[in-house]
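Enquirer: Below you will find the structure I want to go over with you.
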Amino acid sequence: MRITQNVKLLLFFFFFISFLFIAVSAGESKCECSHEDDEANKAGAKKYKIAAIPSVLAAGVIGVMFPLLGKFFPSLKPETTFFFVTKAFAAGVILATGFMHVLPEGYEKLTSPCLKGEAWEFPFTGFIAMVAAILTLSVDSFATSYFHKAHFKTSKRIGDGEEQDAGGGGGGGDELGLHVHAHGHTHGIVGVESGESQVQLHRTRVVAQVLEVGIIVHSVVIGISLGASQSPDTAKALFAALMFHQCFEGLGLGGCIAQGNFNCMSITIMSIFFSVTTPVGIAVGMAISSSYDDSSPTALIVQGVLNAASAGILIYMSLVDFLAADFMHPKMQSNTRLQIMAHISLLVGAGVMSLLAKWA
């Protein structure tokens with residue numbers, strides 16, 4: 001049942017965003033601020049876009065599946081040194097994606113001269129990113145609280161049942177009663193520890209699902225941007241940058257999925273959704289390229305809002321759920337060498353993704 005609900009939610013987000021862009025493409029455009037050169041070679045751009053679909057798909061699959069290979073290779077399992085270093089790299093990638101790729105895009109769209117009126121003088125991009133980050137915190141907090149309370153109630157029922165069983169022994173003597181009570185108390189401690197572990201597991205799963213939603217929103221937008229582009233130079237640059245972009249983002253999401261200890265079906269569904277989102281976005285962009293005008297006010301608002309919200313989600317997730325959680329982990333805190341390696345990996349990941357901002 002939970003898997004079905006997750007699939008429906010992801011499908012809803014994906015198709016809602018896709019249909020939103022199709023609806024935008026059907027609208028009239030009266031702004032001539034940023035049309036591409038009329039002499040752009042559409043045929044030249046098309047070959048790059050067609051090649052990008054399988055290439056970006058393969059890059060996404062490689063990226064998201066690499067951390068999931070921990071089931072077969074012990075060195076890739078969560079809480080190993082290699083996993084911490086790899087996850088720090090992925091966190092740097094996601095942080096740079098939010099700050100260097102998505103947020104500037106949002107600012108560019110929502111501050112375009114094509115948007116007339118005093119209302120657009122308000123810094124909507126930063127405001128929307130802030131609200132998205134707060135909402136992500138709320139989802140994180142309330143979901144964790146819900147699972148914590150659910151496991152506390154379950155542990156309490158088990159403890160009450162054991163006490164009733166112990167009381168029903170009656171004439172077994174004080175020694176036997178003491179033994180049963182001690183035994184029940186031990187089970188209570190184990191139950192509490194198990195409950196805390198389950199709460200943390202559920203929180204990790206919530207983090208993975210929220211992160212995937214943020215990535216999907218951004219991936220659809222950037223995929224449609226490539227698909228709708230009419231310039232061969234733009235398409236070529238986006239093609240190359242998107243391959244690395246998709247691979248690195250997949251690395252971060254795959255690490256989060258691996259820690260969530262999902263079942264095989266959930267892993268498959270989440271991996272497929274991540275991998276196909278950008279290629280399908282490219283296909284949608286190609287389909288609407290003849291009528292889509294990314295300089296129309298409606299298109300600018302839609303892209304700006306989605307980019308700003310996605311940036312808020314990605315920045316929050318990278319700082320709070322990736323970096324803060326891992327860098328404060330007891331294993332990291334007790335190992336100076338691991339801390340240095342993780343910091344270097346973080347800087348490399350953020351640096352590489354920041355460099356890619358020149359092209360995508």
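Start at 1 and count along the chain as shown; that gives each residue its number.
Note: Cβ is positioned from N, Cα and C throughout, glycine not excepted.
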Enquirer: Per Swiss-Prot, does SER112 fall on the same side of the membrane as ALA235?
Expert: yes
Enquirer: Taking all residues of the topological domain 'Extracellular' (289-299) together, what is their mean pLDDT?
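Expert: Overall, the topological domain 'Extracellular' (289-299) comes to a mean pLDDT of 77.
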Enquirer: Find the member of 82-102, 237-257, 268-288, 300-320, 340-360 that has more C-beta pairs under 8 Å to the transmembrane segment (50-70) than any other listed stretch.
Expert: 237-257
Enquirer: So which of 206-226, 268-288, 300-320 is most in touch with the transmembrane segment (82-102), counting Cβ pairs under 8 Å?
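Expert: Ranking 206-226, 268-288, 300-320 by Cβ pairs under 8 Å to the transmembrane segment (82-102) puts 300-320 first.
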Enquirer: Restricting to CB pairs under 8 Å, which listed stretch, 206-226, 300-320, 340-360, is in contact most with the transmembrane segment (268-288)?
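Expert: Out of the listed stretches, 206-226 contacts the transmembrane segment (268-288) most.
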Enquirer: What are the DSSP helix/strand/coil residue counts across the topological domain 'Extracellular' (227-236)?
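Expert: Within the topological domain 'Extracellular' (227-236) the tally stands at 7 helix, 0 strand, 3 coil.
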